[in-house]
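Participant: Okay, here's the structure, questions in a sec.
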Amino acid sequence: MAYLLKGVSILGGSPTDLLIHDGVISDKTDGNAEVIDAHGLVALPGLVDVHTHLREPGREDAETVQTGSRAAALGGYTAVCAMANTSPVADTAGVVEQVWRLGREAGLVDVQPIGAVTVGLAGKQMAELGAMATSAARVRIFSDDGFCVADPKMMRRALEYVKAFDGVIAQHAEEHRLTEGAQMHEGEVSTRLGLTGWPAVAEEAIIARDVLLAEHVGSRLHVCHVSTAGSVEVLRQAKARGVRVTAEVTPHHLLLTDEKASGYDPVFKVNPPLRTAEDVAALRQALLDGVIDVVATDHAPHAVQDKECEWAYARPGMLGLETALPILLSVFGEKWDLIADRMSVAPARIAGLAGHGGDLTRAGTPANLTLVDPSARWVVDPGQLASRSRNTPYAGMTLPGRIVATFLRGEATVLDGKVVK
Amino acid sequence: MIKHLRSAADLDAATATLILDTAAEMAALAGREVKKLPALRGRTVVNLFYEDSTRTRISFEAAAKRLSADVINFSAKGSSVSKGESLKDTALTLQAMGADAVVIRHSASGAPHRLAEWVDGSVVNAGDGTHEHPTQALLDAYTMRSRLGRLEGLRVAIVGDVLHSRVARSNVLLLSTLGAQVTLVGPPTLIPVDLPEKLQVSYDLDSVLPDSDVVMMLRVQTERMQDSYFPSAREYSRRYGLDVPRLTKLPEHAIVMHPGPMNRGMEIAPEVADSPRSTIVEQVANGVSVRMAVLYLLLGGK
């Protein structure tokens, strides 16, 4: 199948025709190509999410690889990295291959499994990282997300060990002794609401330790969902020294603040928690500066009963795949180069996903791309989302930018804003 | 009139004063031989208690019964709640039974806010986690006003585990609304790190006492010791306990309050608890009048 995108704007550039042929961007002509009128649409390299929870195996009532893949494609993604905190945990070659195979069967995005660092995410015994790396799933990112690799010796060993296969440890930075029972950001709002605070220092202390460890052993470190201004400063200094550290920020941490907890609606409960307006400003600046390398969704679907309850009993996490790009557009405006780099090029590089985040102006680039209508406005309706869950914090908000089409290796996964299969 | 009482912040000065004035009328009733009013006849008040709190439940129960309401006590223990029923399902059950008001005590902060989304009736917070206990603040304000004649300009020291205290949170809000000036006193570990700027904080009880009209001692749970908030009950008592020598530092007119239950000998010495300055027993009696006023006004009693 070939597609000719007429009048498309690549990264906001002047209108041009773009031919997708044999799975790649082509500079030839094809009279049989299906013509898509793409005037007014912006082409971006397909988005890549380094932090997605697809919940399968184990919590198929919240999300499956299939439903999560649909949400991803509709959000403009062509690759997502599936977090390891499934049930069973993705800590063996068998589980990561299962997730990888489910992704292939869904066929809407490349589902790249993330492997657990430690067996059962328990922090005690290193998982068989090499077996996962050499499995069919070719795992490169390892993370105990949801739990921090708290033991400094375990963290050091893991950072060192994955060098053998160019792996990277993605750390959920949380000093758990400082966050026991924590429900939201520790500050004036938590004081008012009587919810136990999650202090910023619990994140910053672990990032500071880990950049020093990564520096000491010369390894790559990736920091998940950075949420505080203090963390940004630690990263800024580490990068200036040449430490091989990358970092991500979520769309929700770029937009929402801890004030959202005021009504005790657990749809706003997330880990790390929503922070203050000062933190949001620092995170935005860090993303602009490149101190934070990528936007990652931390898409975390939860079943209704896990959110329709008391705040303290609710599970943390919010949906993100279908709203990430619109949130970025609403926060930064139409900064297409920035969006392409932070949501596609840089995450593809961190995750080692060759073929994603390519240059759409060059013939031969794998045709992983998405078409956005930046002039469209839409109201977020949780019931209309493709995810199996409904826990979006943006319900009722009007967002700019609508994904019109997504292509994975030249095959349309989304056309006219609808999933093709 | 407001529909729910979830937080002391739901009350502006006029509403809070109306509740206190109404409570005074209700209190007059307690002296009569027949203590009952027909105001809420035919209305149903549910006491939904997820935590054991005999004194608060009995106080609400007495208040509702004196207003002639039908009272249903729904205790988490031995009910479907202990079998894992969600708050929402319980709420829908109460809704189906036609509860006009639900009085809720719950260990999770914000549970009354959630409940108010699922029932049509009024929700009264009878203590939620480490968040608030607004009727306690109302009865405390009522007690201060009846002992000292006013609230405006009163200097109130709230002493102890402010961090975990729902009594402290509600009192800070209500007293600020009514023009009193609050000073929080306790070890730094038990004072929240971020506070509104208008609040005064002291780590030194002795320096605060001479300038206080009211000293409100908070219950300190001994579990806090295991969690390193302070080294020992003995050290806590020495630094922040209200004993007889400290009592003498208070101005002549000042009163001593405690929401109960007390740890005698820890945050408050028995001689202080039983002294004429102590309002502890009065607070309990005033609790019924204040809760009558709250139920009466929320349910639009005639």
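The backbone N, Cα and C atoms fix where each Cβ goes, glycine too.
Note: TrEMBL annotation is automatic and uncurated.
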Participant: A:D145, A:H172 show up in TrEMBL as binding Zn(2+) 2; which entry in A:H222, A:H225, A:H252, A:H253 does that record put in the same site?
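Facilitator: Same Zn(2+) 2 site in TrEMBL: A:H225.
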Participant: Need one residue: from A:N271, A:N368, the one TrEMBL lists with A:H53, A:L54, A:R55, A:N85, A:H302, A:P316, A:G317 for substrate.
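Facilitator: TrEMBL lists A:H53, A:L54, A:R55, A:N85, A:H302, A:P316, A:G317 binding substrate, and from A:N271, A:N368 it also lists A:N271.
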Participant: To which of A:D298, A:D306, A:D337 does TrEMBL also attribute binding of Zn(2+) 1 at the site defined by A:H51, A:H53, A:D145?
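Facilitator: My reading of TrEMBL gives A:D298 as the candidate in that site.
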Participant: Filter the binding-site residues A:H51, A:H53, A:D298 down to the ones within 10 angstroms of A:H225 (Zn(2+) 2 binding site), Cα to Cα, kept in sequence order.
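Facilitator: Final answer, ordered: A:H51, A:D298.
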Participant: If the Zn(2+) 1 site is taken as the center of the Cβ atoms of A:H51, A:H53, A:D145, A:D298, which further residues of that chain fall within 8 Å of it by their Cβ?
Facilitator: A:T52, A:M83, A:G146, A:C224, A:H225, A:A296, A:T297, A:H299, A:A300, A:G317
Participant: So around the Zn(2+) 2 site, A:D145, A:H172, A:H225 aside, which residues have their CB within 8 A of the centroid of those CB atoms?
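Facilitator: The answer, listed by sequence position, is A:H51, A:M83, A:S143, A:G146, A:A170, A:Q171, A:A173, A:E174, A:C224, A:N271, A:P272, A:D298.
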Participant: Round to a whole number and give the Cα-to-Cα distance in Å for the pair A:H172 (Zn(2+) 2 binding site) and A:D298 (Zn(2+) 1 binding site).
Facilitator: 11
Participant: Calculate the per-residue pLDDT averaged over the domain 'Dihydroorotase catalytic' (A:42-229) and state the result as an integer.
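Facilitator: Mean pLDDT, the domain 'Dihydroorotase catalytic' (A:42-229): 98.
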Participant: Of A:H53, A:H172, the binding-site residues given in the record, which has the fewest other CB atoms within 10 A of its CB?
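Facilitator: Selected from the binding-site residues A:H53, A:H172 on minimum Cβ neighbours within 10 Å: A:H172.
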Participant: Which is it, of A:H51, A:H225: the one of these binding-site residues whose Cβ has the most other Cβ atoms within 10 Å?
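Facilitator: Per the Cβ count, the most surrounded site is A:H51.
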